[in-house]
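What follows is a short report on a single structure.
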Amino acid sequence: MGDKIVRATAANGGIRLVAVLTTDSSMEAKERHGLSYLTTSILGRAFSASLLLASSMKVMHGRVTLRVRSDGPLKGLLVDAGRDGKVRGYVGNPNLELDLVKTKQNQYSFDFTKALGTGYLNVIRDNGFGEPFTSTVELVNGNIAEDLASYLYHSEQTPSAVFIGEKIQNKNIISSGGLLAQVLPKKETDPLLVSLLEERCKEINSFSEDLFKSKDNLLSLIKNIFPDIDDKSISEKARTQEVRFECRCSRQRSLNAMKMLDKNELKDILIKEGKAELVCEFCKNKYLINSEEIKEMIKN
């Protein structure tokens, strides 16, 4: 079916619902970066979180950057997601493996708290004009969902519920995604809507399992929580959107980055290496800059 975003509203337009599937994007990141299953899960969660945030931006070229700076062995992460559904990202320590921990449900789970440690979640919203909006909150527990909910509560003062999860089977990520439920700004003071949101979300015992059982049917996933969604409140075109891992790097951008170097640095590269190879942090694509191109940079 492929990764996607599905949007809906409920309670006569008072509650906004967004579900995202990031299974394929997570697996592509795993292949590109050589991620462990722990870091694949963490990056997949960050993909879901950033896409959920970007989904509400008013312009198609709007982007959200989600960065974690922390003292855990993961060594941080950075994700860039667009309103257009394109996402990319990387973690500081792609090969990280940790022992599983037992959950309250007597099951085993990745130790996200230990992986990320203590630190901060930084969110940048860029509409492509004016100054980007930046906000930083402390990490709650490193599972990304609660960290994102904390950001929404402290930075946007919007009653929200966030669910993010994944399921791994036979050495594959078989489902990865998230769900965001928000009381819309004009309705946020309505205590009945806030109570409705809280009550419906209490019914979710294991989002990862619910996501897997939905078999990629995100609308069905949403309806399990809010069966009375407003089908006609969002146009068919805006309701479902493709999501994919896609990087914005290019050879020209690599050349431009090289041109930022001091001429003495360029001369040093030319003498010692005779060429330069630039590797994109987001997707691991490699760009070779030959000696003639470096000489031209030095001349100019």
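Note: Cβ is positioned from N, Cα and C throughout, glycine not excepted.
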Cross-link partner of Cys280 (disulfide, per Swiss-Prot) out of Cys201, Cys283: Cys283
Partner cysteine of Cys249 (disulphide bond, per Swiss-Prot) from Cys201, Cys247: Cys247
Whole-number Å only: compute the distance from the Cα of Cys249 (disulfide bond) to the Cα of Cys280 (disulfide bond). 7
Could you give the Cα-Cα distance between Cys280 (disulfide bond) and Cys247 (disulfide bond), in whole Å? 9
